[in-house]
Amino acid sequence: MGDVQGGRPGRPVPADRGRVPADRIGPAVEPPASPGDMGRVEEAGPIRSRSVSATAPEPPEGVRVGPASTPDTISISDRYPGPHGKSPSVFFGRRLAGALAVVPVLRLAVARYAVPPGVVDRAGCDGCGAPIGLDRPLPALGPAARCPACRGRIGAAPLAVEALLLAAVAMLVLVDGVLAERAALAWWLGWAIPLILVDLAVHRLPDRLTWPAAAGTWALLGVAALTGAGAGPWLRAVSAGTALGLAFAATTLLLGRRGFGLGDAKLALGTGALLGWHGWGLLVTGLVLTFLLSALVSVVLLASRRVGWSSHLPFGPFLVAGTCAALLLTG
């Protein structure tokens, strides 16, 4: 019998039996470290794992990086900054302080032109005849609106001009636009305040207030067109103002007292231009809001028996309010 070394009887055992082919050999297993190697490891320090760290990588040598600053809270002024980067409160305060300086001028306009049609413009107190003017603005042209001689009321009610002026300044802060567009709106609002109060008092919109309001609005919108907006918006604004003014005037000529007055038609020249500057759709929106507000107030006054079916309500305040509401919708 042949040699038997782990094989079957009678057959020789191959010399390479039990060996793994070279192409199937994995990475070699390093032998255990000798005592000398362990000593060198202890001198080099502890072995650090290569686990992923949550900290940021270290910057290159010579580069200094400061701590990242992340604000805990964001203020309203940071999220909604005013024009030119100013906070809304600062912007509003400065505009309000400047607007209060024109209160005597606005009160003088109301006192002078709040007279019935055909009556000469008022030059003094109705009670004692004391003259009123900008040379002596207080208390006649101040918030008290009282004659300095007889203490009778002069012009608009106390704080009425101031309240409307406050609303106008707030609107200038809320409505967006370039400088020339804001100037056009500010000009129109400055004339609209006395127009509202005069119309409420005597149902009259005098030419000395309506014509400058429309002319200045058209001119300042023209400046906005020349400084970047282009001729398209200005031509649309002029067309809208002209069309609205002619439409109101046509109702006066066709319907008489049942239509709009000529003063409303002249006021519409400026309101139509402001709305038409932003598009024909905003012009329609402004008119819809105007008539809705007029109808709502009429129903309330009729229900409270403060007016009758034949009463004539001033339309100028509704036209101004509807225009402002539509402009606020544009942001």
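The backbone N, Cα and C atoms fix where each Cβ goes, glycine too.
A TrEMBL annotation is a machine prediction, not a hand-curated record.
Here's what TrEMBL has on this protein:
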REGION    1-81  region 'Disordered'
TRANSMEM  159-179  transmembrane segment
TRANSMEM  185-202  transmembrane segment
DOMAIN    190-301  domain 'Prepilin type IV endopeptidase peptidase'
TRANSMEM  209-231  transmembrane segment
TRANSMEM  237-256  transmembrane segment
TRANSMEM  277-303  transmembrane segment
TRANSMEM  309-329  transmembrane segment
Folded-back contacts onto the transmembrane segment (309-329), same chain, C-beta under 8 angstroms, at least six residues removed:
171, 174-175, 185, 192, 195-196, 199-200, 203, 205, 257, 260-261, 263-264, 267-268, 271, 274-275, 278, 282, 285-294, 297-298, 301-302
Using DSSP, what is the helix/strand/coil residue split across the domain 'Prepilin type IV endopeptidase peptidase' (190-301)?
102 helix, 0 strand, 10 coil
Let me spell it out: take the transmembrane segment (159-179), skip the flanking residues so only those 6+ beyond its ends count, and list any with a Cβ under 8 Å from a Cβ in it.
82, 88, 91-92, 95-96, 99-100, 102-103, 106-107, 110, 143, 185-186, 189-190, 192-194, 196-197, 224, 227-229, 324, 327-328, 330-331
